[in-house]
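Here's the structure, in structure tokens; my notes come after.
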Amino acid sequence: MASHPAHISPDKRFLIFFDFDETIVDETSDDMVVQAAPGQHLPGWLTDTYQPGRYNEYMQRVLAYLAEQGVTESDIRSVMEKIPATPGMLTLFQFLRNRPAKDFEVILVSDANTYFIECWLRRVGARQLFHRIFSNPATFNKDGRLVLRPFHSHDCPRCPDNMCKQVIVRDYVARRTQERGRPYQRIFYVGDGANDFCPALSLGPRDVAFPRRDFPMHRLITETHEAQPGEFKAVTVPWVSAEDVVQRLRKLVAD
């Protein structure tokens, strides 16, 4: 599911992708929603049902459990709205907002869900910054339960069953390049996790990957450079604060 406005100007120079959990926000939203549960924890019988690669299905069960325990939409929204931004992230958003309209097309690609993301972005006043949001669809049904569904299916052995971000990024770039009639000057990817490494592999030598320093995406890029030189093509700029990203973008957009 992609939530989006009807039209994106074709004259954008740069395309920038963001992950959400532990990239835009400084926590994992799926972990934080547990704070809405009775006693702020989940029973062992439920947590024991998690299987590697099937996290989306596990979260479907978690959300069903929360509904059974009487957790409401406002309870969940309240938890989401309290998640802190990562250091410097709101500064980065302000930088992107203040650039000329033709500079940045801003996309969010996340294995969280549309409801959690929309709650948080609206709370900080950043929803309008994002031209597209690609995430697992989540909506409340008539019984007040947040129903989560997988984003898509794919054949990538690296990624969880419900989402390969490289498929999303490749398809989006190809479609937009065709619509625009020309490629972007550069593509940027800001992330942290192992599932952000896969889409960053599709970037070219003029593009820039911004992995959060010492998080899985950064470690995988470093290991790939050592084990398979030339396999990872993008320039790599690790960040501790998103202000590090601002500094590099400021130089690149001035080229």
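Backbone N, Cα and C define each Cβ position, glycine as well.
Taken from TrEMBL, the feature active site, nucleophile applies to Asp19. Of all the Cβ atoms in the protein chains shown, 25 others lie within 10 Å of the Cβ of Asp19 (active site, nucleophile).
The feature active site, proton donor is assigned by TrEMBL to Asp21. If you take the C-beta of Asp21 (active site, proton donor) and look for same-chain residues 6 or more apart in sequence within under 8 angstroms, you find Glu27, Thr28, Ser29, Asp30, Ser110, Asp111, Ala112, Asp192, Gly193.
According to TrEMBL, the feature Mg(2+) binding site maps to Asp19, Asp21, Asp192.
All protein chains considered, the CB of Asp111 (substrate binding site) has 26 other CB atoms within 10 Å. Residues annotated as substrate binding site in TrEMBL: Asp30, Asp111.
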Lowest local Cβ density (other Cβ within 10 Å) among binding-site residues: Asp30, Asp192: Asp30
